[in-house]
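J.: Positions annotated as domain 'Glycosyl hydrolase family 13 catalytic' by TrEMBL: 24-364. Positions annotated as active site, nucleophile by TrEMBL: Asp191. Annotation source TrEMBL lists active site, proton donor at Glu216. Per TrEMBL, the feature domain 'Alpha-amylase C-terminal beta-sheet' maps to 353-411.
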Amino acid sequence: MGYTSNEFNKQQTDSAAVISSGKEILLQAFNWESHKHDWWRNLERKVPDMAKSGFTSAWLPPPSNSLAPEGYLPQNLYSLNSSYGSEHLLKALLNKMKQYKVRAMADIVINHRVGTTQGHGGKYNRYDGIPLSWDERAVTSCTGGLGNKSTGDNFHGFPNIDHTQQFVRKDIINWLRWLRNSIGFQDFRFDFVRGYSAKYVKEYIENTKPIFSVGEYWDSCNYRGHYLEYNQDSHRQRIIDWIDDTGQLAAAFDFTTKGILQQAVKGELWRLRDPQGKPPGVMGWWPSRAVTFLDNHDTGSTQAHWPFPSNHIMEGYAYILTHPGIPSVFYDHFYDWGNSIHDQITKLMDIRRSQGITSQSPVRILEAQPNLYAAVIGDKISMKIGEGSWCPSGKEWTLATSGHRYAVWQK
């Protein structure tokens, strides 16, 4: 390897260190309605609480100008004036986060991009008059452009970006470097990664060196009609294959665990142990790359495409915050569902940190019955969720926290 600037080397080791230490706890710091609420200013006021609660990184909504106010139909990537606030307010927020040592995660939407002018076939598939003024070659042939066919699934109704084009990748890398080095984002969340090959995500990460990256590889769990199958191995395998294809540089949201857990808490807790006796999601196979969560802006919030049952969310957090993987807490649960939930989640986060539970802590599942799940994690803590009563045997255990249908003990 040739000589590189110290800063570049430092970024590389930072990223490896973060994945291997496994001490991350993420906050998804927005929902589907946030654009209506002067968001960058709102979050700036909450930074001290995020830091005190123990979040290492906060995932922010897409920062660029977008046709839709939520940010997922970007057009001018270099314009950071959005419905969430001005570039000035965004920079003030990022500054404050830096001061409090909470990393800012940018939501990177590069599967598709809304055109500015009509080109080939009368479609809006050109980008004249704005930075990155690409022509029709930048748009896949499947979505009305003159580029190659897509390397993934189509996001319908909009021009999909052709990542096979060298000029496109060069421009995307420069834009990501700008977000990383000039604007002050340290982490990246890649939107709709089913839409383009994981090898491009690998190239983007290698060339821009975010400290932590996570991809949204979301497809449907295995259902038989409305019945969720017990075995979700093929579902978690697809997510694992994606992580592998990024050169293991990215983590991925553990949609498998979400799907199983939200069914399990309804009196089907037997689902939380796979035939090998391990957790049944990505967390059970590759915990250092599994970002566990209960809901996000698509599955929950006002979209509610696939919501976690709201009367069970504390059991859900008792599970993901005591278990391996990289847990992520949803803004709504933490800030909008009342002080009691906020404080219960914070308490679980405290226990995770003080007992040294990491993304790679071992799990021993002791019970997985319809109404009772119990496990020992890292030999430091034990926990149960469900209606059934249970407590760990041995005088060395003391109750660390408990709530409705959950309890956690520590040594």
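Just so you know, glycine gets a Cβ as well, placed from its N, Cα and C.
TrEMBL does not curate its annotations; it predicts them automatically.
Bear in mind that the values here come from a model prediction, so they are computed numbers and not experimental data.
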J.: Quick one: Cα separation, Asp191 (active site, nucleophile) versus Glu216 (active site, proton donor), in Å?
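T.: That separation, Cα to Cα, works out to 5 Å.
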J.: Per DSSP, what is the residue count of the domain 'Alpha-amylase C-terminal beta-sheet' (353-411) in each of helix, strand and coil?
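T.: Counting residues by DSSP class gives 2 helix, 29 strand, 28 coil.
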J.: 10 Å Cβ neighbour count around the residue listed as 'active site, proton donor'?
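T.: Result for the residue listed as 'active site, proton donor': 18 neighbouring Cβ atoms inside 10 Å.
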J.: Test of understanding: give the count of other CB atoms lying within 10 angstroms of the CB of the residue listed as 'active site, nucleophile'.
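T.: Its Cβ has 20 other Cβ atoms within 10 Å.
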